[in-house]
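Quick look at what Swiss-Prot annotates:
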type	residues	note
ACT_SITE	SER97	active site, nucleophile
ACT_SITE	HIS122	active site
Amino acid sequence: MNVPFVIETTHRGERAYDLYSRLLKDRIIMLGTPVNDDVANIIVAQLLFLESEDPDKGINLYINSPGGSVTAGLAIYDTMQYVKCPVSTICVGQAASMGALLLLAGAKGKRYALPNSRIMIHQPLGGAQGQATDIDIQAKEILRLRSYINGLIVKHTGHTIERIEKDTERDYFMSAEDARQYGLIDEVVEKQRVIAPTPAPAK
């Protein structure tokens, strides 16, 4: 997909930006694809860049993603927790699988979804092949990741591990309002003014 460009006029003349770079100037990051290593590296770099620009100002992360690689998603998750800036998360369209984990990983009180968004949580998917020993190793790793991710969902929602294990056994779909009641987000929003970046709290 070709990324559109926007023209900005200043006292120095006109300058063309690709749309994502222009949004980055306003501290907006867009995750609008499946999560893989390349996408994760870009998102991580954008988070680190915005922190270096102003560690006391918030970041808005918009999510419209079906999920993807667990390790790539966890790289983004860890960086969101690592940077000093509060990261607001906003679901537009869908946040499924690792996309849902990134949505709920936003700063407390700053996790949002637009009214017609869809959120889905489930256990990590994986396939094993090769020798029996290799299959056993891969199966144990999938179980470890499942336990770890369920623990993160417990941490951010306050539910018991028993409920999360039950709910993620199969695809668990929620509307924006369902996700709010579940604790994945804090508010269903329609107007942007609610989610403008705010200064980081004093350390």
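Cβ atoms are placed via backbone N, Cα and C, with glycine included.
Keep in mind that this is a model prediction, so the values were computed, not measured.
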CB contacts for the residue listed as 'active site, nucleophile' [other CB atoms within 10 A, all chains]: 26
Cβ atoms near the residue listed as 'active site' (within 10 Å, other residues, all chains): 18
Between SER97 (active site, nucleophile) and the residue listed as 'active site': CA-CA distance (Å): 6
HIS122 (active site) - helix vs strand vs coil (DSSP): coil
